[in-house]
Amino acid sequence: MWAWALLPICLTVWATGGIWIVYAMSVSNGSVNLSDGFPYISVSGTYPPQSCVFGQVLNVGAMLAVWISVIRFQQIRDYNCHSVLNSVSLATGILCALGTSIVGNFQQSNQLQTHLAGAFLAFIIGNVYFWMQTALTYMVKPKHGGCYIGPIRFCLSIACTALIVAMAVFLKMNMKSVSAICEWIVAMILFLLYGLFAVDFWHLDGHFFHVKKRRTVIPNEMEVSTVTLSI
């Protein structure tokens, strides 16, 4: 059903719009002073009232991300691709969503170490997730999106990786504003990568979740009679 394509689009629109609204709130109420430099995403969402909105935006986004990851996992299985990579990809997708929720609920001003752990899961593991999805895009058949979706995912994943490295380097050089800009771009790329699943989900007609019982091995009559005689 084509309506499934709306799910990743909703995540992209919700998350992108949500964090920019949080940024606007933090600037308008003076929680963030732009004369001190461009803020990190988490700095914008540290103080109330925008911290409440920030947490809600990321919690809903995390829920949608888990939903998308599970559907994508099953879709790939339905294409008879039973690669271990698909299972590992599901696990990393769920970890990415968990990290996103942690970032929203543990502000850096209150629980810095927990917040940083969540950021690692959201950004680093999230990037790994989309590298795996890029590989799976080339492995499965049919290939939705023609010959374009694979290269697009590949280029966006490269850009995401490069910007994460740049973010760490600029932070080490104490160029926090530039590092923060890199973080914002990484977040936008990750949201866009989630949105690209709309191309795959458009073709979800005929895909079903199956719950199968384990087959019970029943001995044949010869085996039963042999056992009986031996007794």
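Including glycine, each Cβ sits where the backbone N, Cα and C put it.
These numbers come from a predicted model, not from an experiment.
Database features (Swiss-Prot):
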type     : residues : note
TRANSMEM : 2-22     : transmembrane segment
TOPO_DOM : 23-50    : topological domain 'Extracellular'
CARBOHYD : N29      : N-linked glycosylation site
CARBOHYD : N33      : N-linked glycosylation site
TRANSMEM : 51-71    : transmembrane segment
TOPO_DOM : 72-83    : topological domain 'Cytoplasmic'
TRANSMEM : 84-104   : transmembrane segment
TOPO_DOM : 105-115  : topological domain 'Extracellular'
TRANSMEM : 116-136  : transmembrane segment
TOPO_DOM : 137-150  : topological domain 'Cytoplasmic'
TRANSMEM : 151-171  : transmembrane segment
TOPO_DOM : 172-183  : topological domain 'Extracellular'
TRANSMEM : 184-204  : transmembrane segment
TOPO_DOM : 205-231  : topological domain 'Cytoplasmic'
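Broken down by DSSP into helix, strand and coil, the topological domain 'Extracellular' (172-183) contains 9 helix, 0 strand, 3 coil. For the transmembrane segment (184-204), the list of distant contacts is 1-2, 4-9, 11-12, 15-16, 19, 41, 65, 68, 71-72, 75, 123, 126-127, 130, 133, 142, 144-145, 149, 152-153, 156-157, 159-160, 163-164, 167: same-chain residues at least six beyond its ends, Cβ to Cβ under 8 Å. Sequence-remote contacts of a segment are chain residues at least 6 beyond its ends whose Cβ falls under 8 Å from one of its Cβ atoms, and for the topological domain 'Extracellular' (172-183) they are 37-41, 43, 123, 163-164, 166.
Of the ranges 51-71, 116-136, 151-171, the one with the most Cβ pairs under 8 Å to the transmembrane segment (84-104) is 116-136. Sequence-distant neighbours of the transmembrane segment (116-136) (same chain, 6+ residues past either end, Cβ-Cβ under 8 Å): 42, 69, 72, 76, 81, 83, 85-86, 88-89, 92-93, 95-96, 98-103, 106, 108, 150, 153-154, 156-157, 160-161, 164, 183, 186-187, 190, 193. For the topological domain 'Cytoplasmic' (72-83), the DSSP-based tally of helix, strand and coil residues reads 7 helix, 0 strand, 5 coil.
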